Amino acid sequence: MTHAIEVCGLTKSFRADRKALDDVTLHVAPGEMVALLGASGSGKSTLLRHIAGFVTSDAGAGEIVVNGRAVQRHGRLARNVRSVRSEIGFVFQQFNLVGRLPVMTNVLVGMLSRLPKWRSLLRLFKANEIQAGLHALAQVGIDDYAFQRASTLSGGQQQRAAIARTLVQNARVILADEPIASLDPESSRRVMSLLAQINRTRQVAVVVSLHQVDVAMRYCPRVVALRHGKVVYDGPSAALTPDMLRDLYGTEAEELLHDTLDSEPDAVPVPALAGMNIAAA
């Protein structure tokens, strides 16, 4: 079986005496939802950025393949890495939206890799492409804000716009780097529910980095726990207990156990598209 994500023997050193990632091996199946769990500095974000091909591993140390195509090998990016990246949606902690541009423009950026170069440079989108953007925004519940500046949205709404961008991109893999770290509990539930919904309905592989154990257990059937750049647990989230976490993390376990979401996740509304008028060049 071709895995959605294959990471083999990945090592990354930022200093001679410290490995941010230490011989990490990870396989994620298509349609699987996995939580990367760990305290601050455990290597979660570094691992996701390597999978996306934003950074390279140490020379001669590791290989990453996404959807059967190489992202990097032995510290060098693959020649066609841009093409591979077009199938990887990345949701950043700080949203990565351009505040002065409309929400719609920020979302449609997700399809730039599929457009002719001249239209990509000029940001010219056809009516059917804008329709796809509206549909994606409707799926995340913020289509009413499509033509407002992104800076007018709340943090939770901006994160949902970032998720809509991955839908327009038709990403086969979604990597979410601490997507709820700066959000209130209600917005956090909405964002995690959206990621879980996309995972179920589209069978997209989702890997989300978290530092809250209860969130990982609620939304992700599988947890990969990192500590000091090493994988210290890879298995069912339901098997994690406070005592096990204290054994794995020592005093760092309190950071993972402290933050919680207070109530059950709410259903995410999906507004209908009927009656919408679209203007496009």
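Glycine residues also receive a Cβ, built from the backbone N, Cα and C atoms like all the rest.
Feature annotations, reproduced from Swiss-Prot:
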- 5-253: domain 'ABC transporter' (DOMAIN)
- Gly38, Ala39, Ser40, Gly41, Ser42, Gly43, Lys44, Ser45: ATP binding site (BINDING)
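Feature map: Swiss-Prot annotations on the structure.
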residue : record           : Cβ within 10 Å
Gly38   : ATP binding site : 30
Ala39   : ATP binding site : 19
Ser40   : ATP binding site : 10
Gly41   : ATP binding site : 15
Ser42   : ATP binding site : 26
Gly43   : ATP binding site : 24
Lys44   : ATP binding site : 26
Ser45   : ATP binding site : 19
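Within 8 A of the CB centroid of the ATP site residues Gly38, Ala39, Ser40, Gly41, Ser42, Gly43, Lys44, Ser45, the other residues of that chain are Thr46, Ser209, His211, Leu226. According to DSSP, Lys44 (ATP binding site) sits within a helical segment. On the 0 to 100 pLDDT scale, the domain 'ABC transporter' (5-253) averages 92 in this prediction. Under the three-state DSSP scheme, Gly38 (ATP binding site) falls in the coil class.
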